[in-house]
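The block underneath contains the structure these notes are about, expressed in structure tokens.
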Ligand SMILES: Cc1cc2nc3c(=O)[nH]c(=O)nc-3n(C[C@H](O)[C@H](O)[C@H](O)COP(=O)(O)OP(=O)(O)OC[C@H]3O[C@@H](n4cnc5c(N)ncnc54)[C@H](O)[C@@H]3O)c2cc1C
């Protein structure tokens, strides 16, 4: 028999694991720090890849639900020069293999697919210790405690479970994103709306860039990338929305106004998102009764794979546990053996992608990738 599984974190990794276990009749409980599913905006669009995220959703039996979320036309791509000249443009012809969905909606179908009570909201892990025989005592901030048979850390970048397995700590990558939103853009921000087009926009220069997505409705969601130390961002008062927008847009002096409008016309205060990563190739020796999934295991600078890998890890661990009903350790070993190189490969490719986007040769390297793709039959 597979013991009850205790999962820490109701992100995409933990919820996919819980769902795949449920499909196989294995009970799981998910402990989540946030007070409710609505506690935090889940923002952002994710392109879900046919080689990992979609396989996970199929293992979860949620392919139809996923399809109903796909935002048509959002795989279109534009690359603009700083002066607004269009350097590359590709329409969404429906063959891209990377359909786009809203993260919050994806999380919702996973939550809705679990038996009531599976997720225990408002349970923030404050400490964890081994108590022998592969069991662990998990303490929560509200003073409650559980003892686990199988403990899975799906608690993201700053995992409280990771120290049971490794001493690794995420390090600042040297780059941050600053997040903005423009709502009702077709009517309220038409020039920016036109610049972004139907899907994604990239406007890049060495060390910096403006990346925007058209989300559900005509919301424009932008990540402004800047390669600056944490102190540089700390010196900006982000509680003063106007001053912060002025300071960030100064880094784009001389850029086309329809591009800088994505910063200065934000309908929400700018939010800095410092980017951290674990060492590429992060791994550990097998420790009985505990493992990690998703960002907890292989946090990398955003590269379009993190959420996909998180779901895939969840599905793969669920599959391995179902395949080894009497032998949890065999399941964990099998899962980790495949997960370590998978995470390392994605992180290494992600580092290359950041070099392509923000390195000295940008935007030409990115343009080459897109034009080569177009020429490939
Ligand atoms: C700016 C940005 C843009 C991104 N864009 C993309 C993209 O376009 N495509 C893509 O595939 N990926 C993207 N990613 C990466 C992606 O968001 C992550 O890789 C993915 O969310 C990881 O999922 P997870 O379930 O492992 O962790 P998380 O989503 O971080 O979930 C962890 C959960 O654990 C909970 N938790 C944390 N600590 C505790 C605790 N002590 N006790 C209990 N619960 C706890 C958290 O509240 C959270 O619900 C992006 C990341 C960033 C920062």
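Positions of Cβ are set from backbone N, Cα and C atoms, glycine also.
TrEMBL: automatically predicted annotations, no manual curation.
What TrEMBL lists as domain 'FAD-binding' is 4-343. The NADPH binding site annotation in TrEMBL covers 40. Annotated FAD binding site per TrEMBL: 47, 103, 295, in sequence order.
The structure, with features from TrEMBL marked on it.
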{"residue": "40", "record": "NADPH binding site", "DSSP class": "coil"}
{"residue": "47", "record": "FAD binding site", "DSSP class": "strand"}
{"residue": "103", "record": "FAD binding site", "DSSP class": "helix"}
{"residue": "295", "record": "FAD binding site", "DSSP class": "helix"}
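Largest Cα-Cα distance over the residues recorded as binding FAD, namely 47, 103, 295, equals 17 Å. Only 295, of the binding-site residues 40, 103, 295, place a Cβ under 6 Å from an atom of ligand 1. Neighbour count (other Cβ atoms within 10 Å of the Cβ, all protein chains): 10 for residue 40 (NADPH binding site).
Comparing Cα positions, residue 40 (NADPH binding site) lies closest to 103 out of the binding-site residues 47, 103, 295. Neighbour density around each Cβ, counted as other Cβ atoms within 10 Å, peaks among the binding-site residues 47, 295 at 295. Counting every protein chain shown, the number of other Cβ atoms lying within 10 Å of the Cβ of residue 103 (FAD binding site) is 17.
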